[in-house]
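Visitor: Swiss-Prot feature annotations, pasted as is:
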| type | residues | note |
| --- | --- | --- |
| DOMAIN | 2-48 | domain 'F-box' |
| REPEAT | 77-102 | repeat 'LRR 1' |
| REPEAT | 144-168 | repeat 'LRR 2' |
| REPEAT | 169-194 | repeat 'LRR 3' |
| REPEAT | 214-240 | repeat 'LRR 4' |
| REPEAT | 270-301 | repeat 'LRR 5' |
| REPEAT | 303-327 | repeat 'LRR 6' |
| REPEAT | 328-353 | repeat 'LRR 7' |
């Protein structure tokens, strides 16, 4: 069988080896002379020093692991020769010498590598600047442990870079991010994760950017100040404490947005103080107004809670056709009436997390929390045609809300209900039928129940 496989063309064998880990692919070099240099035809090299800690043989010393890893990387790069590399991934937590790391990076850069993915323990040392001078890189990922420091004279254009991911990266000063982004004229996707205190004041100004993901959640340190000057952005995924500020929000052609504000006890107390609360909510309003052109919008429970505090200043979402609301038992729905009124073209509404929420007097007609004669007409005026309920548990309160939606959403044509897996057994259904809503009459609405309430 080995001989039959060995007769295949080199490029085909290289493709087969690329389906293995780099460590497994390198081991095939001992099969025969034919296989010795086939690693050169593998365009994807991925090195992870954790693979050298074999639990079956007992943990090596840190120094032993480091040296074994170094020898392996050196050997593979030597066998690879001058062959082109498409992807180079390096996960190194054992403290390899910085000069050696730089040597490996320069090696793959000289061979026109397209994708580099780095995560390493540099301590207080700064990583090599050569990586920011590549004219071939299409995607760059810098993960935990990477520390960046360079001056204007150390960075040239990264003309081919399309995707940049920075996760838990630290910087020598607050202007580093802007300098890096200014060198990426073709960047289309930017991912900033675990921002913390790395760049408390940052401006993302990229005309070519299409997708932006920011995860900025730190329970300590100052609030962040983000400016978005991305007129051609299509997709925004933003997670942050809602105390952040947004001096500039230029998102004119935004199509899809996910806004996830994180609430803490400290922030809830601050909002309760009128002066602090008004200031923080005015900052939130800047971002919400900036995304008002979206067609598809996702709001987390925390975001829904925050919007309830400033619902009177909520903008009109003239283009919005698809809205996802994630709820929870401790979240009030006071934002829902205004939100639904301000979506004149809404076609699909998805409610995740079930329908049970914190009872409040200001939910209007969005729910059945409190019974009163006049609660508004936000549902009746909403043009939504399709309603989807996720994590439905079948409580009496939820059953009443389904009935409420059925009769109050006047344009409704279809309702899909997804029963939550593992729902508590004490939640007895109102009917043993697979569809307990057949008794609802008078409307031409299709109701589909996914999962069992029995």
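The backbone N, Cα and C atoms fix where each Cβ goes, glycine too.
What you see is a predicted model, and the numbers here were worked out from it, not measured in a lab.
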Visitor: With DSSP helix as H/G/I and strand as E/B, how many residues of the repeat 'LRR 3' (169-194) fall in helix, strand and coil?
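Guide: Going by DSSP assignments, the repeat 'LRR 3' (169-194) contains 7 helix, 7 strand, 12 coil.
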Visitor: Across the repeat 'LRR 7' (328-353), what are the DSSP residue counts per state (helix, strand, coil)?
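Guide: With helix first, then strand, then coil, the repeat 'LRR 7' (328-353) has 6 helix, 5 strand, 15 coil.
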Visitor: Six or more residues out from either end of the repeat 'LRR 3' (169-194), which same-chain residues have a Cβ under 8 Å from its Cβ atoms?
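Guide: Non-local partners: 126, 132, 142-144, 146-150, 152, 155-163, 200-206, 208-217.
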Visitor: Can you give the mean pLDDT for the repeat 'LRR 2' (144-168), rounded to a whole number?
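Guide: PLDDT averaged over the stretch: 80.
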